[in-house]
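Enquirer: Take a look at the following structure, please.
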Amino acid sequence: MTISIEKSVKKTQPSLFDLCDDWLKRDRFVFVGWSGLLLFPCAYLALGGWFTGTTFVTSWYSHGLASSYLEGCNFLTAAVSTPPNSMGHSLLLLWGPEAQGDFTRWCQLGGLWTFVALHGAFALIGFMLRQFEIARAVKLRPYNAIAFSAPIAVFVSVFLIYPLGQSGWFFAPSFGVAGIFRFILFFQGFHNWTLNPFHMMGVAGVLGAALLCAIHGATVENTLFEDGDGANTFRAFNPTQSEETYSMVTANRFWSQIFGIAFSNKRWLHFFMLFVPVTGLWMSAIGVLGLALNLRAYDFVSQEIRAAEDPEFETFYTKNILLNEGIRAWMAAQDQPHENLVFPEEVLPRGNAL
């Protein structure tokens with residue numbers, strides 16, 4: 001007689017973390033993931049705060065301006081404005097000592113701006129982490145997430161680091177089209193931003209990337225060699241086809257004839273298209289960090305002194321300085337009325353050209 005003894009196998013219950021991990025990473029129409037716990041709530045709150053502010057909230061108490069659709073603004077002039085200078089770097093929490101739980105007072109004090117700025121920054125970081133997470137799940141390299149770090153760096157440097165280096169959130173850009181244009185004028189007038197090499201690298205990166213994208217797209221279209229049956233390019237090819245339908249060799253020969261030099265392989269070509277805009281944006285973010293600390297490395301004082309002493313001496317730099325002084329004299333009184341600024345003669349617009 002044979003007796004079989006079956007060992008009792010104790011089934012281990014999945015932990016709460018495993019259950020959450022399984023649910024978050026489940027295959028669905030919109031991937032959630034752990035990064036989604038940061039991305040979706042923060043993006044929802046940031047966008048909701050912006051729509052609420054531009055629709056209903058005035059900037060009368062912080063800037064002396066109308067800034068909402070309710071007051072008659074349009075899409076270009078509506079904005080969620082920065083808090084007043086008197087608030088300094090307060091986080092302006094709804095339950096904090098400034099608003100004390102009063103939502104109307106919180107909006108009047110610019111609380112929506114800090115709300116949108118902080119939730120917006122965390123939403124962008126969550127989106128970058130989302131790209132990391134999905135790339136890891138499908139075994140891709142993380143270059144998409146690395147590339148997205150560049151616009152995050154620009155956002156954080158302009159909206160958070162720059163005002164932290166100044167006297168308060170007041171000096172950050174407001175969240176609106178005209179508000180950001182005003183901030184650009186402010187940057188030029190008070191920091192001579194267009195002469196800053198870091199700004200120049202940023203412009204070269206963005207415009208260079210646009211040029212590279214245009215050249216790359218046109219070259220691929222020009223070297224298609226397997227025409228499909230569709231009426232146009234968009235319907236001619238199956239998006240899941242395995243084979244390529246354009247010729248890298250033909251493209252290489254074409255640009256070799258145009259410039260005498262061309263990319264020899266796709267890896268170097270696409271890395272360069274990644275490198276140009278990402279490096280440019282990171283350099284501009286570093287430049288804004290310098291402005292936050294009020295660095296004056298690119299003020300050519302010797303030319304300014306000579307232009308002041310010699311009526312016949314003028315350079316493109318001194319012409320720009322003259323315009324900057326006009327911007328300062330015009331903006332400061334409007335932009336900072338609480339300071340009651342009185343300008344001495346030497347800082348008012350002067351010079352030979354105007």
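Cβ from N, Cα, C; glycine included.
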Enquirer: For which of the residue intervals 42-62, 252-272, 315-335 does Swiss-Prot record transmembrane segment?
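Expert: Range annotated as transmembrane segment by Swiss-Prot: 42-62.
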Enquirer: Pick from 24-40, 109-125, 126-142, 177-193: which range does Swiss-Prot record as transmembrane segment?
Expert: 126-142
Enquirer: Are there any residues at least 6 positions away along the chain from PHE263 (plastoquinone binding site) with a Cβ closer than 8 Å to its Cβ? List them or say none.
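Expert: Listed in sequence order, they are ASN252, TRP255, LEU269, PHE272.
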Enquirer: At the level of the C-alpha atoms, what whole-angstrom distance separates GLN131 (pheophytin a binding site) and HIS270 (Fe cation binding site)?
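Expert: The separation of the Cα atoms works out to 18 Å.
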Enquirer: Let me check one thing: do the transmembrane segment (154-167) and the transmembrane segment (42-62) come into contact, meaning three or more Cβ pairs under 8 Å with sequence separation of at least 6?
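Expert: Answer no, regions not in contact.
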Enquirer: What is the separation, in Å, between the Cα atoms of HIS270 (Fe cation binding site) and ASN144 (pheophytin a binding site)?
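Expert: Answer for this pair: 12 Å between alpha carbons.
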Enquirer: Select the closest residue to HIS119 (chlorophyll a ChlzD2 binding site) from the following binding-site residues, measuring between CA atoms: ASN144, HIS199, HIS216.
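Expert: Going through ASN144, HIS199, HIS216 one by one, the closest to HIS119 (chlorophyll a ChlzD2 binding site) is ASN144.
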Enquirer: Sort out for me which one of GLN131, ASN144 has the most neighbouring CB atoms within 10 A, since those are the binding-site residues we care about.
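Expert: Compared across GLN131, ASN144, the most Cβ atoms within 10 Å surround GLN131.
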